[in-house]
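**Student:** First the structure, which I've put down as structure tokens, then a few questions once you've had a look.
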Amino acid sequence: MLISSLVLIACCLAAGVLLRVSGRVDANVSQALNAYVIHVALPAVILHQLPKLQLGAELLWPTLTPWLLLLGSASLIAWLSKRAGWSRPVTGALLLLVPLGNTSFLGFPLVEAYWGKDALPIAIIYDQFGSFIALSTYGLWILGTYGQGEKPDAKAMLSRILHFTPFLALLLSIPLRFISVPDVIDTVFARIGATLVPVILVAVGLQWRLELHTDWRVPLAIGLSIKLLLMPLAAMLILKSFGVSGQVLNVTVFEAGMSSMITASALAVNAGLAPRLSAAMVGFGIPLCLVTLYVWSLILG
């Protein structure tokens, strides 16, 4: 099962890369695929799986952990920036791209591959209550403070959250727990949701760039080390110290160790936050995290 899932991941990523380099698709295709994932496939997965999720106190950890890691990693980046004398654009780029991980576009396929479909709802909780809300609040604040954009107000942040289709599906999944969804509707959700992983991976492949610029070697190495090594280690130590185990531990540590968020990287580039460094955090982070996550899977057992 794991081998076939990893082969699927590799093939879909390669398909996206080949479509881009061959010029067979328009440059805007990745945006269309992203829109399909966000507004169709991911909501379908949420509506199919979350109403069936057994609620328990342990599910607080996928919600709290990304915020604890954000606080810790942002504080560390700010301290390192002051010590190393990084410019504001470099500092802003790392403050955005180290705490915010690719917990949906890369996280969902990898969580499913290593821990099975039953683990996906935990990853969705981590992504929606952690990464997405963090991007919509903390992320926009970083962009406005360090980049060329304006600082958003609380109303703009709340509007962004409440108009995000997967978050609305998450809210709708709550009352669905208490009613019997017709089998035909649930089957439709399941069939549409089954397209999530391959479409996500092709979209990631279309957007993947691998460029190394010597000016950014040190901050890039530091950013990737914190993102791929320290953050999952911190997540594992925190959860184990509170006796958390099983799928909640596995998925939370995995999501903590994902490479930087593609959306955050694009926003950083548009805001003038060290564009080459911002792109490199994703470009090098994706292949590296495929290796580091395999190691984490061995550690987690």
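Counting begins at 1 with the first residue displayed.
Cβ coordinates come from backbone N, Cα and C, glycine included.
Automated prediction, rather than curation, is the source of TrEMBL annotations.
Fair warning: this is a prediction, and the values are worked out from it, not measured in the lab.
TrEMBL lists 59-80, 92-111, 123-144, 156-176, 188-208, 220-239, 251-273, 279-300 with the feature transmembrane segment.
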**Student:** Which one, 156-176, 220-239, 251-273, 279-300, has the most C-beta pairs under 8 Å toward the transmembrane segment (59-80)?
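**Tutor:** Top-ranked stretch among 156-176, 220-239, 251-273, 279-300: 220-239.
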**Student:** Could you check whether the transmembrane segment (123-144) packs against the transmembrane segment (220-239) - three or more CB pairs closer than 8 Å, residues at least 6 apart in sequence?
**Tutor:** no
**Student:** Between 156-176, 188-208, 220-239, 251-273, 279-300, who has the most Cβ pairs under 8 Å to the transmembrane segment (92-111)?
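**Tutor:** Selected stretch: 251-273, with the most Cβ pairs under 8 Å.
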**Student:** Are the transmembrane segment (156-176) and the transmembrane segment (220-239) near each other by the rule of at least 3 C-beta pairs under 8 angstroms (pairs 6 or more apart)?
**Tutor:** no
**Student:** Residues sitting near the transmembrane segment (156-176): Cβ under 8 Å, six or more positions beyond its termini, same chain?
**Tutor:** 38-39, 42-44, 46-47, 50-51, 124, 128, 132-133, 136-137, 140
